[in-house]
Amino acid sequence: QLGEDLVRDLGFLPYIGLKVKGSEEKLVDLGLGFSEEDIELVRNLGFQVILRFKNFSQINKEDIEFKFKESDKVGKISGIIFEGETVLGYPSKENLIHTAELLKIKEYPFGIIEFAGQKGIETVAHQASKLAVRVHSITKEEMEIISKQKATERWIRAAKERKVRIFYIKPFMKSDSNLIEDNVSYVRTIKEELKALGFITGKASILSITYQEPKIFILLLILGVISGGLILLKNIFTLKKYQEYSLLFLGILFSLLFLFLNREIFLIKLMALMTALIFPTLAIISNEKYFIGDNSYYNSENLKNIPKNNPNFILMIKQVLSGFFRIILVTLSGALLIAALLSNNKFMLGIDQFSGIKVSYLVPLLLILIIMWLKVNKGKLMILENIKKPLLIEHVIIMLFFAAFLVIYISRSGNFSFLPVLSIEEKVRIFLENTLIARPRNKEFLIGYPALLLAMSMNFLKVEEFKIPIIIIGVIGPVTLINTFCHIHTPFLFSMLRTFNGILAMLENIIE
(Lines of atoms letter the chains of each structure in order from A and count residues from 1; the text may use other names and numbers.)
(Lines give C-alpha, C1' and ligand atoms only; values in the text may rest on other atoms or scores of the structure.)
Protein backbone atom coordinates (compact mmCIF):
# COMPACT_ATOMS: atom_id res chain seq x y z
CA GLN A 1 0.00 0.00 0.00
CA LEU A 2 2.92 2.35 0.71
CA GLY A 3 5.34 0.95 -1.85
CA GLU A 4 8.64 -0.88 -1.39
CA ASP A 5 10.64 2.35 -0.96
CA LEU A 6 8.94 3.17 2.33
CA VAL A 7 8.99 -0.30 3.95
CA ARG A 8 12.05 -2.29 5.08
CA ASP A 9 12.13 -5.77 6.55
CA LEU A 10 13.99 -5.64 9.88
CA GLY A 11 12.91 -9.10 10.97
CA PHE A 12 15.25 -11.80 12.19
CA LEU A 13 14.03 -15.24 13.11
CA PRO A 14 11.93 -15.97 15.07
CA TYR A 15 10.88 -12.31 15.19
CA ILE A 16 9.22 -10.13 12.53
CA GLY A 17 9.91 -6.42 12.25
CA LEU A 18 9.19 -3.68 9.72
CA LYS A 19 10.60 -0.19 9.39
CA VAL A 20 7.99 2.09 7.84
CA LYS A 21 8.50 5.63 6.57
CA GLY A 22 5.62 8.01 5.95
CA SER A 23 3.37 10.66 7.47
CA GLU A 24 1.28 9.82 10.50
CA GLU A 25 -1.93 10.52 8.55
CA LYS A 26 -1.04 7.97 5.87
CA LEU A 27 -0.04 5.33 8.41
CA VAL A 28 -3.22 5.78 10.45
CA ASP A 29 -5.25 5.45 7.25
CA LEU A 30 -3.76 2.07 6.28
CA GLY A 31 -6.01 -0.96 6.10
CA LEU A 32 -4.25 -3.74 8.04
CA GLY A 33 -6.96 -6.39 8.02
CA PHE A 34 -9.87 -7.25 10.30
CA SER A 35 -9.76 -7.64 14.06
CA GLU A 36 -11.01 -11.15 14.84
CA GLU A 37 -11.59 -10.14 18.47
CA ASP A 38 -13.85 -7.24 17.50
CA ILE A 39 -15.78 -9.41 15.05
CA GLU A 40 -16.28 -12.10 17.71
CA LEU A 41 -17.52 -9.46 20.15
CA VAL A 42 -20.00 -8.14 17.57
CA ARG A 43 -21.30 -11.65 16.86
CA ASN A 44 -21.66 -12.48 20.55
CA LEU A 45 -23.82 -9.38 20.96
CA GLY A 46 -26.20 -10.74 18.29
CA PHE A 47 -25.21 -8.47 15.42
CA GLN A 48 -24.61 -9.29 11.76
CA VAL A 49 -21.12 -8.60 10.38
CA ILE A 50 -20.55 -6.38 7.35
CA LEU A 51 -16.91 -5.88 6.34
CA ARG A 52 -15.45 -2.76 4.72
CA PHE A 53 -12.84 -3.33 2.03
CA LYS A 54 -10.42 -0.45 1.54
CA ASN A 55 -8.81 0.32 -1.79
CA PHE A 56 -5.38 1.80 -2.56
CA SER A 57 -4.03 3.18 -5.82
CA GLN A 58 -1.32 0.54 -6.50
CA ILE A 59 -3.65 -2.41 -5.88
CA ASN A 60 -3.37 -5.50 -8.11
CA LYS A 61 -5.25 -8.79 -8.46
CA GLU A 62 -3.08 -10.52 -5.84
CA ASP A 63 -3.89 -7.77 -3.31
CA ILE A 64 -7.60 -8.10 -4.04
CA GLU A 65 -7.47 -11.88 -3.59
CA PHE A 66 -5.53 -11.41 -0.33
CA LYS A 67 -8.28 -9.16 1.06
CA PHE A 68 -10.94 -11.73 0.21
CA LYS A 69 -8.84 -14.50 1.85
CA GLU A 70 -8.63 -12.32 4.97
CA SER A 71 -12.41 -12.11 4.96
CA ASP A 72 -12.57 -15.94 5.00
CA LYS A 73 -10.77 -15.97 8.37
CA VAL A 74 -13.59 -14.09 10.11
CA GLY A 75 -16.23 -16.67 9.16
CA LYS A 76 -19.66 -16.02 7.69
CA ILE A 77 -20.45 -12.37 6.97
CA SER A 78 -23.60 -10.55 5.83
CA GLY A 79 -21.95 -8.48 3.14
CA ILE A 80 -19.42 -5.89 2.04
CA ILE A 81 -19.53 -2.09 1.94
CA PHE A 82 -16.54 -0.53 0.24
CA GLU A 83 -14.73 2.11 2.29
CA GLY A 84 -13.73 5.56 1.11
CA GLU A 85 -14.23 7.26 -2.24
CA THR A 86 -13.11 4.33 -4.40
CA VAL A 87 -14.15 0.69 -4.78
CA LEU A 88 -11.68 -2.17 -4.33
CA GLY A 89 -9.71 -2.43 -7.58
CA TYR A 90 -10.13 1.14 -8.81
CA PRO A 91 -8.86 2.65 -11.14
CA SER A 92 -8.20 -0.50 -13.21
CA LYS A 93 -11.37 -1.80 -14.90
CA GLU A 94 -9.78 -5.26 -15.04
CA ASN A 95 -9.25 -5.20 -11.27
CA LEU A 96 -12.81 -4.00 -10.67
CA ILE A 97 -14.17 -6.88 -12.75
CA HIS A 98 -11.95 -9.24 -10.71
CA THR A 99 -13.49 -7.82 -7.51
CA ALA A 100 -16.97 -8.47 -8.93
CA GLU A 101 -16.04 -12.04 -9.87
CA LEU A 102 -14.78 -12.74 -6.34
CA LEU A 103 -17.97 -11.27 -4.88
CA LYS A 104 -19.97 -13.69 -7.03
CA ILE A 105 -17.78 -16.66 -6.06
CA LYS A 106 -18.09 -15.83 -2.35
CA GLU A 107 -21.76 -14.81 -2.79
CA TYR A 108 -21.16 -11.65 -0.74
CA PRO A 109 -23.90 -9.03 -1.05
CA PHE A 110 -22.34 -5.59 -1.47
CA GLY A 111 -23.68 -2.13 -0.80
CA ILE A 112 -24.26 0.74 -3.20
CA ILE A 113 -24.25 3.87 -1.05
CA GLU A 114 -26.82 6.42 -2.25
CA PHE A 115 -25.44 9.75 -3.44
CA ALA A 116 -21.87 8.79 -2.42
CA GLY A 117 -20.67 8.32 -5.99
CA GLN A 118 -17.90 5.87 -5.13
CA LYS A 119 -15.55 5.58 -8.09
CA GLY A 120 -15.71 2.15 -9.71
CA ILE A 121 -19.03 1.09 -8.17
CA GLU A 122 -20.79 1.13 -11.56
CA THR A 123 -18.37 -1.42 -13.04
CA VAL A 124 -18.65 -3.78 -10.07
CA ALA A 125 -22.43 -3.35 -9.90
CA HIS A 126 -22.90 -4.09 -13.61
CA GLN A 127 -20.88 -7.29 -13.26
CA ALA A 128 -22.54 -8.49 -10.03
CA SER A 129 -25.94 -6.78 -10.03
CA LYS A 130 -27.69 -9.78 -8.43
CA LEU A 131 -25.73 -9.18 -5.22
CA ALA A 132 -26.20 -5.41 -4.99
CA VAL A 133 -28.04 -3.83 -2.05
CA ARG A 134 -28.99 -0.15 -1.74
CA VAL A 135 -27.42 1.60 1.27
CA HIS A 136 -28.30 4.95 2.79
CA SER A 137 -25.98 6.98 4.99
CA ILE A 138 -25.99 10.43 6.55
CA THR A 139 -22.54 12.01 6.37
CA LYS A 140 -20.59 13.15 9.44
CA GLU A 141 -20.97 16.77 8.33
CA GLU A 142 -24.75 16.41 8.07
CA MET A 143 -24.92 14.65 11.45
CA GLU A 144 -23.52 17.80 13.08
CA ILE A 145 -26.50 19.92 12.00
CA ILE A 146 -29.42 17.53 11.46
CA SER A 147 -32.05 16.97 14.15
CA LYS A 148 -32.98 13.53 15.43
CA GLN A 149 -36.50 13.87 14.00
CA LYS A 150 -35.31 14.88 10.52
CA ALA A 151 -32.71 12.12 10.48
CA THR A 152 -35.35 9.54 11.43
CA GLU A 153 -37.72 10.81 8.72
CA ARG A 154 -34.89 10.52 6.21
CA TRP A 155 -34.17 6.88 7.11
CA ILE A 156 -37.84 5.92 6.89
CA ARG A 157 -38.26 7.69 3.55
CA ALA A 158 -35.21 5.86 2.17
CA ALA A 159 -36.67 2.45 3.05
CA LYS A 160 -40.22 3.27 2.00
CA GLU A 161 -39.61 5.17 -1.24
CA ARG A 162 -36.25 3.99 -2.58
CA LYS A 163 -35.82 0.27 -1.78
CA VAL A 164 -32.93 0.98 0.61
CA ARG A 165 -32.19 -2.17 2.62
CA ILE A 166 -29.07 -1.22 4.64
CA PHE A 167 -28.87 1.78 6.95
CA TYR A 168 -25.31 2.90 7.69
CA ILE A 169 -26.16 4.84 10.84
CA LYS A 170 -23.55 7.19 12.29
CA PRO A 171 -24.10 8.30 15.90
CA PHE A 172 -24.74 11.82 17.12
CA MET A 173 -21.55 13.13 18.75
CA LYS A 174 -23.16 15.83 20.91
CA SER A 175 -25.89 15.60 23.52
CA ASP A 176 -27.43 17.80 26.19
CA SER A 177 -27.88 14.78 28.46
CA ASN A 178 -26.60 11.19 28.08
CA LEU A 179 -24.91 10.73 24.68
CA ILE A 180 -25.10 6.92 24.66
CA GLU A 181 -28.73 6.80 25.77
CA ASP A 182 -29.69 9.41 23.18
CA ASN A 183 -28.11 7.37 20.38
CA VAL A 184 -29.70 4.13 21.60
CA SER A 185 -33.07 5.91 21.67
CA TYR A 186 -32.39 7.24 18.15
CA VAL A 187 -31.76 3.75 16.75
CA ARG A 188 -34.74 2.35 18.67
CA THR A 189 -37.04 5.01 17.17
CA ILE A 190 -35.87 4.14 13.65
CA LYS A 191 -36.51 0.44 14.30
CA GLU A 192 -39.99 1.06 15.74
CA GLU A 193 -41.04 3.27 12.82
CA LEU A 194 -39.80 0.68 10.33
CA LYS A 195 -41.76 -2.01 12.16
CA ALA A 196 -44.90 0.15 12.09
CA LEU A 197 -44.62 0.26 8.29
CA GLY A 198 -44.27 -3.52 8.03
CA PHE A 199 -40.49 -3.72 7.60
CA ILE A 200 -38.47 -6.41 9.39
CA THR A 201 -35.02 -5.60 10.76
CA GLY A 202 -32.26 -8.16 10.41
CA LYS A 203 -30.00 -9.36 7.63
CA ALA A 204 -30.44 -7.21 4.52
CA SER A 205 -32.12 -8.98 1.63
CA ILE A 206 -31.07 -8.83 -2.01
CA LEU A 207 -33.62 -8.94 -4.84
CA SER A 208 -35.05 -12.46 -4.72
CA ILE A 209 -35.85 -12.47 -8.45
CA THR A 210 -33.64 -11.41 -11.32
CA TYR A 211 -35.58 -8.79 -13.25
CA GLN A 212 -34.43 -8.84 -16.86
CA GLU A 213 -36.88 -8.46 -19.71
CA PRO A 214 -36.44 -10.69 -22.78
CA LYS A 215 -35.48 -8.70 -25.87
CA ILE A 216 -38.77 -9.53 -27.58
CA PHE A 217 -40.61 -7.98 -24.62
CA ILE A 218 -38.46 -4.84 -24.86
CA LEU A 219 -39.25 -4.64 -28.57
CA LEU A 220 -43.00 -4.89 -27.89
CA LEU A 221 -42.74 -2.06 -25.36
CA ILE A 222 -40.82 0.02 -27.89
CA LEU A 223 -43.67 -0.58 -30.37
CA GLY A 224 -45.94 1.04 -27.77
CA VAL A 225 -43.64 4.06 -27.54
CA ILE A 226 -43.42 4.40 -31.35
CA SER A 227 -47.22 4.07 -31.64
CA GLY A 228 -47.68 6.85 -29.10
CA GLY A 229 -45.29 9.03 -31.08
CA LEU A 230 -47.17 8.34 -34.33
CA ILE A 231 -50.52 9.19 -32.73
CA LEU A 232 -49.02 12.47 -31.49
CA LEU A 233 -47.69 13.30 -34.97
CA LYS A 234 -51.11 12.52 -36.50
CA ASN A 235 -52.69 14.96 -34.06
CA ILE A 236 -50.33 17.68 -35.26
CA PHE A 237 -49.71 16.92 -38.94
CA THR A 238 -51.62 15.21 -41.74
CA LEU A 239 -49.70 11.97 -42.27
CA LYS A 240 -50.30 9.64 -45.18
CA LYS A 241 -50.41 5.89 -44.62
CA TYR A 242 -47.05 5.24 -46.27
CA GLN A 243 -45.47 7.91 -44.02
CA GLU A 244 -46.87 6.24 -40.92
CA TYR A 245 -45.61 2.81 -41.98
CA SER A 246 -42.22 4.25 -42.95
CA LEU A 247 -41.76 5.86 -39.53
CA LEU A 248 -42.88 2.66 -37.80
CA PHE A 249 -40.45 0.59 -39.87
CA LEU A 250 -37.56 2.99 -39.18
CA GLY A 251 -38.31 2.93 -35.44
CA ILE A 252 -38.31 -0.88 -35.34
CA LEU A 253 -35.14 -1.07 -37.47
CA PHE A 254 -33.38 1.44 -35.21
CA SER A 255 -34.37 -0.58 -32.10
CA LEU A 256 -33.29 -3.92 -33.61
CA LEU A 257 -29.91 -2.42 -34.51
CA PHE A 258 -29.24 -1.33 -30.91
CA LEU A 259 -30.41 -4.69 -29.54
CA PHE A 260 -28.14 -6.49 -32.01
CA LEU A 261 -25.19 -4.32 -30.90
CA ASN A 262 -25.96 -5.16 -27.23
CA ARG A 263 -26.73 -1.50 -26.48
CA GLU A 264 -29.87 -2.58 -24.66
CA ILE A 265 -29.47 -0.25 -21.65
CA PHE A 266 -28.90 2.78 -23.87
CA LEU A 267 -31.96 1.87 -25.96
CA ILE A 268 -34.11 1.46 -22.84
CA LYS A 269 -32.97 4.84 -21.50
CA LEU A 270 -33.67 6.51 -24.84
CA MET A 271 -37.15 4.96 -25.17
CA ALA A 272 -38.03 5.79 -21.55
CA LEU A 273 -37.07 9.42 -22.18
CA MET A 274 -39.07 9.50 -25.43
CA THR A 275 -42.08 8.10 -23.54
CA ALA A 276 -41.73 10.81 -20.88
CA LEU A 277 -41.75 13.46 -23.62
CA ILE A 278 -44.45 11.97 -25.87
CA PHE A 279 -47.24 10.89 -23.53
CA PRO A 280 -47.82 14.04 -21.43
CA THR A 281 -47.83 15.99 -24.72
CA LEU A 282 -50.18 13.45 -26.31
CA ALA A 283 -52.47 13.55 -23.26
CA ILE A 284 -53.10 17.27 -23.79
CA ILE A 285 -53.08 17.40 -27.60
CA SER A 286 -55.37 14.37 -28.05
CA ASN A 287 -57.87 16.13 -25.75
CA GLU A 288 -57.44 19.60 -27.22
CA LYS A 289 -61.21 19.99 -27.69
CA TYR A 290 -61.47 20.51 -23.93
CA PHE A 291 -59.02 23.44 -24.16
CA ILE A 292 -59.56 25.14 -27.52
CA GLY A 293 -62.68 23.42 -28.86
CA ASP A 294 -66.21 24.79 -29.00
CA ASN A 295 -67.72 22.97 -26.03
CA SER A 296 -69.62 25.92 -24.63
CA TYR A 297 -73.33 25.82 -24.00
CA TYR A 298 -73.28 28.85 -21.76
CA ASN A 299 -71.72 32.25 -22.41
CA SER A 300 -70.42 33.87 -19.26
CA GLU A 301 -67.30 35.63 -18.15
CA ASN A 302 -67.46 34.52 -14.57
CA LEU A 303 -67.96 31.05 -13.14
CA LYS A 304 -69.48 32.52 -9.97
CA ASN A 305 -72.40 33.84 -11.99
CA ILE A 306 -73.51 30.29 -12.82
CA PRO A 307 -75.84 28.84 -10.17
CA LYS A 308 -74.73 25.39 -9.03
CA ASN A 309 -78.16 23.93 -9.75
CA ASN A 310 -78.03 25.23 -13.33
CA PRO A 311 -77.96 22.37 -15.88
CA ASN A 312 -75.13 24.09 -17.75
CA PHE A 313 -73.01 24.22 -14.59
CA ILE A 314 -73.49 20.46 -14.15
CA LEU A 315 -72.62 19.97 -17.82
CA MET A 316 -69.44 22.01 -17.40
CA ILE A 317 -68.37 19.94 -14.38
CA LYS A 318 -69.00 16.72 -16.32
CA GLN A 319 -67.02 17.91 -19.34
CA VAL A 320 -64.12 19.21 -17.27
CA LEU A 321 -63.85 15.99 -15.24
CA SER A 322 -64.22 13.90 -18.40
CA GLY A 323 -61.34 15.79 -20.02
CA PHE A 324 -59.25 15.55 -16.85
CA PHE A 325 -59.59 11.77 -16.50
CA ARG A 326 -58.91 11.25 -20.21
CA ILE A 327 -55.64 13.16 -19.76
CA ILE A 328 -54.77 11.07 -16.70
CA LEU A 329 -55.45 7.78 -18.52
CA VAL A 330 -53.28 8.70 -21.53
CA THR A 331 -50.46 9.85 -19.23
CA LEU A 332 -50.79 6.75 -17.06
CA SER A 333 -50.46 4.51 -20.12
CA GLY A 334 -47.10 6.18 -20.80
CA ALA A 335 -46.14 5.86 -17.14
CA LEU A 336 -46.82 2.11 -17.24
CA LEU A 337 -44.69 1.82 -20.39
CA ILE A 338 -41.79 3.52 -18.59
CA ALA A 339 -42.20 1.28 -15.53
CA ALA A 340 -42.14 -1.80 -17.79
CA LEU A 341 -39.11 -0.56 -19.75
CA LEU A 342 -37.14 0.11 -16.57
CA SER A 343 -38.09 -3.15 -14.80
CA ASN A 344 -34.54 -4.35 -14.69
CA ASN A 345 -32.28 -5.11 -11.72
CA LYS A 346 -29.84 -2.41 -12.74
CA PHE A 347 -32.48 0.32 -12.78
CA MET A 348 -34.25 -0.92 -9.65
CA LEU A 349 -31.00 -0.79 -7.66
CA GLY A 350 -29.91 2.57 -9.06
CA ILE A 351 -26.93 1.07 -10.93
CA ASP A 352 -28.44 2.63 -14.06
CA GLN A 353 -30.94 5.46 -13.89
CA PHE A 354 -33.49 7.20 -16.07
CA SER A 355 -31.62 9.93 -17.97
CA GLY A 356 -33.09 13.33 -18.76
CA ILE A 357 -35.23 14.29 -15.76
CA LYS A 358 -34.98 18.03 -16.36
CA VAL A 359 -35.49 17.57 -20.13
CA SER A 360 -38.65 15.55 -19.45
CA TYR A 361 -39.95 18.35 -17.21
CA LEU A 362 -39.34 21.16 -19.68
CA VAL A 363 -39.77 19.82 -23.25
CA PRO A 364 -43.49 18.81 -23.00
CA LEU A 365 -44.31 22.34 -21.82
CA LEU A 366 -42.48 23.87 -24.79
CA LEU A 367 -44.02 21.40 -27.25
CA ILE A 368 -47.55 22.10 -26.04
CA LEU A 369 -46.92 25.86 -26.06
CA ILE A 370 -45.82 25.70 -29.72
CA ILE A 371 -48.59 23.30 -30.80
CA MET A 372 -51.36 25.23 -29.02
CA TRP A 373 -50.06 28.52 -30.40
CA LEU A 374 -50.12 27.13 -33.95
CA LYS A 375 -53.61 25.67 -33.51
CA VAL A 376 -55.03 28.89 -32.09
CA ASN A 377 -53.43 30.90 -34.93
CA LYS A 378 -54.47 28.33 -37.58
CA GLY A 379 -50.98 27.09 -38.35
CA LYS A 380 -49.30 30.51 -38.43
CA LEU A 381 -46.57 31.57 -36.01
CA MET A 382 -47.80 35.21 -36.12
CA ILE A 383 -44.41 36.36 -34.80
CA LEU A 384 -44.18 39.59 -36.81
CA GLU A 385 -47.80 40.47 -36.11
CA ASN A 386 -47.27 40.07 -32.36
CA ILE A 387 -43.95 41.95 -32.34
CA LYS A 388 -45.68 44.98 -33.89
CA LYS A 389 -48.25 45.07 -31.09
CA PRO A 390 -47.57 47.51 -28.22
CA LEU A 391 -45.92 45.93 -25.16
CA LEU A 392 -48.01 46.62 -22.08
CA ILE A 393 -46.81 46.62 -18.48
CA GLU A 394 -49.10 43.69 -17.72
CA HIS A 395 -47.36 41.68 -20.47
CA VAL A 396 -43.95 42.40 -18.90
CA ILE A 397 -45.23 41.35 -15.47
CA ILE A 398 -46.63 38.11 -16.89
CA MET A 399 -43.36 37.34 -18.72
CA LEU A 400 -41.31 37.97 -15.57
CA PHE A 401 -43.70 35.79 -13.58
CA PHE A 402 -43.34 32.91 -16.05
CA ALA A 403 -39.57 33.30 -16.20
CA ALA A 404 -39.36 33.05 -12.40
CA PHE A 405 -41.84 30.20 -12.43
CA LEU A 406 -39.75 28.23 -14.97
CA VAL A 407 -36.53 28.76 -12.98
CA ILE A 408 -38.17 27.47 -9.79
CA TYR A 409 -39.93 24.63 -11.64
CA ILE A 410 -36.78 23.33 -13.36
CA SER A 411 -34.50 23.81 -10.36
CA ARG A 412 -36.88 21.89 -8.10
CA SER A 413 -37.01 18.88 -10.43
CA GLY A 414 -34.74 15.91 -9.74
CA ASN A 415 -33.03 14.95 -6.47
CA PHE A 416 -30.96 18.09 -6.03
CA SER A 417 -31.88 21.77 -6.09
CA PHE A 418 -30.09 25.02 -5.34
CA LEU A 419 -33.39 26.36 -3.93
CA PRO A 420 -34.12 25.37 -0.32
CA VAL A 421 -37.39 23.78 0.74
CA LEU A 422 -39.52 26.30 2.63
CA SER A 423 -40.35 25.50 6.24
CA ILE A 424 -44.10 25.47 5.59
CA GLU A 425 -43.59 23.22 2.56
CA GLU A 426 -41.56 20.80 4.67
CA LYS A 427 -44.38 20.69 7.25
CA VAL A 428 -46.97 20.02 4.52
CA ARG A 429 -44.79 17.19 3.15
CA ILE A 430 -44.43 15.55 6.56
CA PHE A 431 -48.17 15.88 7.23
CA LEU A 432 -49.01 14.26 3.88
CA GLU A 433 -46.47 11.46 4.42
CA ASN A 434 -47.92 10.66 7.83
CA THR A 435 -51.52 10.89 6.59
CA LEU A 436 -51.37 9.26 3.16
CA ILE A 437 -48.20 7.08 3.41
CA ALA A 438 -47.39 7.86 -0.24
CA ARG A 439 -47.12 11.64 -0.37
CA PRO A 440 -48.45 13.16 -3.62
CA ARG A 441 -46.19 15.70 -5.29
CA ASN A 442 -47.13 19.29 -4.42
CA LYS A 443 -46.69 20.63 -7.95
CA GLU A 444 -48.98 17.87 -9.19
CA PHE A 445 -52.10 18.33 -7.07
CA LEU A 446 -51.61 21.97 -5.97
CA ILE A 447 -50.48 23.48 -9.30
CA GLY A 448 -50.80 21.19 -12.34
CA TYR A 449 -54.19 19.55 -11.87
CA PRO A 450 -56.06 22.70 -10.70
CA ALA A 451 -54.60 24.62 -13.68
CA LEU A 452 -55.86 21.91 -16.07
CA LEU A 453 -59.36 22.14 -14.61
CA LEU A 454 -59.27 25.93 -14.73
CA ALA A 455 -58.16 25.95 -18.39
CA MET A 456 -60.95 23.53 -19.38
CA SER A 457 -63.50 25.61 -17.43
CA MET A 458 -62.29 28.76 -19.21
CA ASN A 459 -62.77 27.06 -22.57
CA PHE A 460 -66.32 26.07 -21.65
CA LEU A 461 -67.03 29.66 -20.59
CA LYS A 462 -65.28 31.11 -23.67
CA VAL A 463 -62.76 33.02 -21.57
CA GLU A 464 -59.73 33.36 -23.84
CA GLU A 465 -57.48 35.72 -21.87
CA PHE A 466 -54.42 33.95 -20.37
CA LYS A 467 -55.84 30.54 -21.31
CA ILE A 468 -52.71 29.23 -23.05
CA PRO A 469 -50.37 30.16 -20.14
CA ILE A 470 -52.74 28.37 -17.76
CA ILE A 471 -52.76 25.30 -20.04
CA ILE A 472 -48.94 25.29 -19.94
CA ILE A 473 -48.99 25.42 -16.13
CA GLY A 474 -51.53 22.60 -16.20
CA VAL A 475 -49.14 20.39 -18.18
CA ILE A 476 -47.07 20.16 -14.98
CA GLY A 477 -49.70 17.70 -13.70
CA PRO A 478 -49.24 14.92 -16.31
CA VAL A 479 -45.48 15.65 -16.56
CA THR A 480 -45.08 15.11 -12.81
CA LEU A 481 -47.28 12.01 -12.89
CA ILE A 482 -45.14 10.32 -15.54
CA ASN A 483 -41.95 11.43 -13.77
CA THR A 484 -43.06 9.51 -10.67
CA PHE A 485 -42.65 6.25 -12.60
CA CYS A 486 -39.22 7.24 -13.95
CA HIS A 487 -37.87 6.58 -10.44
CA ILE A 488 -38.12 2.79 -10.75
CA HIS A 489 -36.18 2.23 -7.52
CA THR A 490 -39.41 3.36 -5.85
CA PRO A 491 -41.76 0.37 -5.44
CA PHE A 492 -44.34 0.29 -8.25
CA LEU A 493 -47.37 0.04 -5.95
CA PHE A 494 -46.04 2.99 -3.94
CA SER A 495 -45.90 5.07 -7.15
CA MET A 496 -49.45 4.00 -8.04
CA LEU A 497 -50.65 4.99 -4.56
CA ARG A 498 -48.83 8.34 -4.88
CA THR A 499 -50.60 8.96 -8.21
CA PHE A 500 -54.01 8.02 -6.78
CA ASN A 501 -53.41 10.24 -3.73
CA GLY A 502 -52.49 13.17 -5.98
CA ILE A 503 -55.77 12.89 -7.89
CA LEU A 504 -57.74 12.36 -4.68
CA ALA A 505 -56.13 15.36 -2.94
CA MET A 506 -56.90 17.59 -5.93
CA LEU A 507 -60.56 16.49 -6.05
CA GLU A 508 -60.92 17.05 -2.29
CA ASN A 509 -59.51 20.58 -2.64
CA ILE A 510 -62.06 21.36 -5.37
CA ILE A 511 -65.01 19.90 -3.45
CA GLU A 512 -64.06 21.95 -0.40
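Cβ atoms here come from the backbone N, Cα and C positions, even for glycine.
Database features, via TrEMBL:
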type: TRANSMEM; residues: 216-233; note: transmembrane segment
type: TRANSMEM; residues: 245-261; note: transmembrane segment
type: TRANSMEM; residues: 267-285; note: transmembrane segment
type: TRANSMEM; residues: 323-342; note: transmembrane segment
type: TRANSMEM; residues: 354-374; note: transmembrane segment
type: TRANSMEM; residues: 395-412; note: transmembrane segment
type: TRANSMEM; residues: 445-461; note: transmembrane segment
type: TRANSMEM; residues: 468-490; note: transmembrane segment
Range from 245-261, 267-285, 323-342, 354-374, 395-412 with the greatest count of C-beta pairs under 8 A to the transmembrane segment (445-461): 323-342
Tertiary contacts of the transmembrane segment (216-233), as residues 6+ beyond its ends and Cβ separation under 8 Å: 239, 244, 247-248, 251-252, 255-256, 259, 264, 267-268, 271, 274-275, 278-279, 281-282, 285-286, 333-334, 337, 340-341
Same-chain residues near the transmembrane segment (354-374), Cβ under 8 Å, at least 6 residues beyond its ends: 236, 269, 272-273, 276-277, 280-281, 284-285, 288, 291-292, 338, 342, 347, 380-382, 406, 409-410, 413-414, 468, 471-472, 475-476, 478-479, 482-483, 486-488
Interface-richest range of 245-261, 323-342, 395-412, 468-490 toward the transmembrane segment (267-285), CB pairs under 8 Å: 323-342
Winner by Cβ pairs under 8 Å against the transmembrane segment (468-490), considering only 245-261, 323-342, 395-412: 323-342
